[in-house]
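Residues or ranges marked as signal peptide by Swiss-Prot: 1-22. Per Swiss-Prot, N-linked glycosylation site is recorded for Asn98, Asn122, Asn209.
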Amino acid sequence: MKGGSLSFLFVLLIATITSVICFSDGMLPNGDFELGPKPSDMKGTQVINKKAIPSWELSGFVEYIKSGQKQGDMLLVVPAGKFAIRLGNEASIKQRLNVTKGMYYSLTFSAARTCAQDERLNISVAPDSGVIPIQTVYSSSGWDLYAWAFQAESNVAEIVIHNPGEEEDPACGPLIDGVAIKALYPPRPTNKNILKNGGFEEGPYVLPNATTGVLVPPFIEDDHSPLPAWMVESLKAIKYVDVEHFSVPQGRRAVELVAGKESAIAQVARTVVGKTYVLSFAVGDANNACQGSMVVEAFAGKDTLKVPYESRGKGGFKRASLRFVAVSTRTRVMFYSTFYSMRSDDFSSLCGPVIDDVKLLSARKP
């Protein structure tokens, strides 16, 4: 009986561990594409068997790319590991994953364009989908990390990454690597902050070896944000940065406004008409060689505040606050950077001021 009990406990322990692994945040099975096709499933760089790459199903013209491979005069570099995949015209990759129905999830993946065309990616988990433009390159390596969110409609999610492009040269398709997932837990307002997720602690998965931050593109038409409670209301992306690779004013995460007035973030808060509120926040730099004069513009309804910040590119921050009287039951809080900035160490990577620790509280009467 004792041996039977031990056997049962062992089986239960294994089942528990398996369950935890199944739903843990991190890289998808073979999300880095390091497990590749057999030589018999290849024709040059093209993968000719739709199930040749473990854990993935392919459709259309998909290439298996080795780091250092040449495309004309261009050397193709992989951000991590040795391999990535390239999606030709109308090509796609997909993977089915066990999830929890009703939960919110964020996908993170690396992408790089290989030609001058206006390349885009269509990311979908039915019924949600979104088109992500990758024409703008934010880092000097050519690779950027992107995030996209969805809500699980069932216990199985079919994740599809599709290239909707129609380039004349199929070799002009985008490169994909490092596909990861993270469960999102929508935050709630508290008696210490009317805004939700004001410290940006809840957000997309950041790959441990990623030193560029994660781009959250504009999702005006999408139902879910990978940065819960916040909307990217601009033409360009904002960047989600972590304390492991950047200077962060508070906690472990923050947001970098990397594209001037084209990079804005907003949240709508419930307010009482005629009541006075104080919007407070931190402005700084990410310790990423982003130097020079910066200005963050903060908006609360019809009121605005410009906060200058002189950056040496070595980290640091200052605090600011905006006092206003609510004129509506719903007040839009928004931030953007007045100027465009480039990193001084490579002059090709977009950067900008960091905002963090955003709080909205009702003010006491004097």
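Numbering starts at 1 and runs along the chain as displayed.
Using the three backbone atoms N, Cα and C, a Cβ is placed for every residue, glycine included.
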CA pair Asn122 (N-linked glycosylation site) / Asn209 (N-linked glycosylation site), Å rounded to integer, equals 25
Cβ-Cβ distance under 8 Å, sequence separation of 6 or more, same chain as Asn209 (N-linked glycosylation site); the residues meeting this, in order, are Ala80
Counting other CB atoms within 10 Å of each candidate's CB, the least crowded of the glycosylation sites Asn98, Asn122 is Asn98
Asn98 (N-linked glycosylation site) -> DSSP, reduced to three states, gives strand
